[in-house]
Structures are given as C-alpha cells and as structure tokens.
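Copied over from TrEMBL:
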DOMAIN    B:8-85  domain 'Pyridoxamine 5'-phosphate oxidase Alr4036 family FMN-binding'
REGION    B:114-141  region 'Disordered'
COMPBIAS  B:124-135  compositional bias 'Polar residues'
Protein chains: 2
Amino acid sequence: MHCSPTPTSKHSTYFQLATIGSNGRTANRTVVFRGFQENSDKIQINTDCRSRKIEDLKHCPFAEMCWYFTESWEQFRINGTVDVIDGSNPDPMKLQQREKAWFASSPKSRLQYLGPNPGLPSISEHSSQENSLDPSSGPVGALLVVDPDQVDYLNLKSNERIAFTSIQDTNGEKLWNSEGVDP
Amino acid sequence: MHCSPTPTSKHSTYFQLATIGSNGRTANRTVVFRGFQENSDKIQINTDCRSRKIEDLKHCPFAEMCWYFTESWEQFRINGTVDVIDGSNPDPMKLQQREKAWFASSPKSRLQYLGPNPGLPSISEHSSQENSLDPSSGPVGALLVVDPDQVDYLNLKSNERIAFTSIQDTNGEKLWNSEGVDP
C-alpha cells in the first residue's frame, strides 16, 4: 500500500469499527488503534472479552474500519476480516501476540477489563476503585487483529480517492493493487 | 431522550455511518450532520444518489451512526432505520424536506453531486471546474433521514453509560426509556 495512516494527534489514535450482529443489524463504535502487527499491515485493537463486538465478530468476521484524520482531511475505509484472539486460542504465536498487546497498554486500560460487565445494567453501589491489578498479571482482554483486504483512501484536500485491493501472488504473499477512482 | 448531541466544533459536525451491503459485508464512512428534522429526533444527511450507501440502504435500511465528540469525550451510538428520499419519492412532504436540505447546503457542496460518478475509475482529463450550477436549481442528491430507535450514550470523562430505547405509547407517539449500564 502506498498510503498508510500515521497517527500523530489525539484525534488520530482512534477510529470507528463496524460489525454485523447476529440480529442482522450493523453496530459501530469507536476503538483505539493499538499499532500494526510487526512487519505487516494488520491492525491491532484491544477489547473486553465480554464486549458485544466479540459476539458480532464470531458470528460474522467481516468488518469495516473508518479512520478519519481531522487535521489532514484524509479518510481510510479499511475492510477486512477480524481474528479474535482470546485466552482459549490454540495458537501459541497468537497467544504471545495477545500478551504483548496486553502489556503494551497502560495499567489503567487493563484495569477496565476487571470492572463490571459492559452493557449490563449498572449496580450503582459498584465502584471501579474496588478493583486492583497486579501489573505483572497476564492478559484478561481479547486482541482483535484486522487483516485488511480492501482500502478506500480519500483525501478531501486534494480531492483524490484511491481504491486499494489486495491480491495474492503465486507464493501466497499479499500484494496491493491500486486504482484512482472518482471521489 | 435526555442527552442530545450538540455539535459545537469542527470535529463534531460529522460522524460515521455503518450500513450493510448486498454482499453481506458492512461498510462504514464519514458523513456530515445536516441537522435534526424539525420537531423530531430524526437526523438528516445529504448524499450523492450514485453513492454506494444508497444501494446498501435500499437492501437493508438498518444502520448505526457512531458520533464521537472529541472535546467532551462523549460517544453516541445511534441505531435506527434510514429513509432514502430521492427524486422518485411519491411523498410530497418528503420531497419538500429533500428540497429544503438541498438549499441549506452550500453551493460548493451541491456542485459535488454534478461531478463524475463516485467510486468509478478516474478519467484523469476530467476537471470538476467543468461543472457549474445554477444556485436556484433544485435538488440533485438524496436526503437520508435516520429514525433512531436505540441510542447508546457513553461519557468517558464521567465513566457513565446510558442505554436509550424507544417505545411507542398508546397513541403511537415515540417515547424514550433510559437505563444506566456499565461502561
């Protein structure tokens, strides 16, 4: 890919992730960019295992990220499949990636995953201060890995739009084709 | 609804709209907030009639908007059905709403809808300067009207989350129920 998002400001560290639920409706929420996976174009997101998006992604692994950069007026629409890596994953390499992403996030972020079940009715007595976390304890959340296969890039300053489509070469390596399209 | 988004800065005039395409995949893009419809909680968006989202919405009218307010750290996830109002709409009231939304947008925005077909390969010779628009000429684009039935409000400063669900009273009027849920 010739263009890659380079998050520089606080407005650029998050994007919107759309999924499809088992009710056949789409869901859309803001998530935090946790970097690309080493030597790849795969995008990492940390999430609570009890979050609805896990259920959505297990039902339908296709998702679209919409990443808008306020300062540069650039939008990346990134469509692909999402791998959900939780503690039950049988692949040791993936479990290692999950652990790495867990320790790369702040202790405060990690603490969230020990709070009450997101989306369930609040029991007002509960205080998040009740939880504490041993900084050395392993991952509780899940790692989501977005493997992009289509990227729609739009630059509203230059009025340029490029459609990127991934293809596989004869060795099974991913390559990107690009084509200018009308904005 | 007790909370309503009040766009105040340039970061707050747009949000992300997720739809489901006929290929069964979700699509997600940034769109501009064009106000609430008079005396209602319905949200207006202007769009090009040739845009893929029209096709998506005709296939599946359910969509979710994700509206994140950078300054206040508030997120509104607004789920509902979307009415697509183009020139072929048989309802005179809806055609009037479309006309009103068209003239409320800037001549520059309107000119976009006369450009080349969005998403098709660029023919580099084409220049948007070739187009001109009589400021008095009627609507070319379509008006999208989002009728919300569920709103998930999240305040990351106060760590408060509220689930709003619409119900109908005995007169068929829309009412909102709210419940605090864990963030």
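Any Cβ shown, glycine's included, is placed from N, Cα and C.
With DSSP states grouped into helix (H, G, I), strand (E, B) and coil, the domain 'Pyridoxamine 5'-phosphate oxidase Alr4036 family FMN-binding' (B:8-85) comes out at 11 helix, 40 strand, 27 coil.
If you take every residue in the domain 'Pyridoxamine 5'-phosphate oxidase Alr4036 family FMN-binding' (B:8-85) and average the pLDDT, you get 94.
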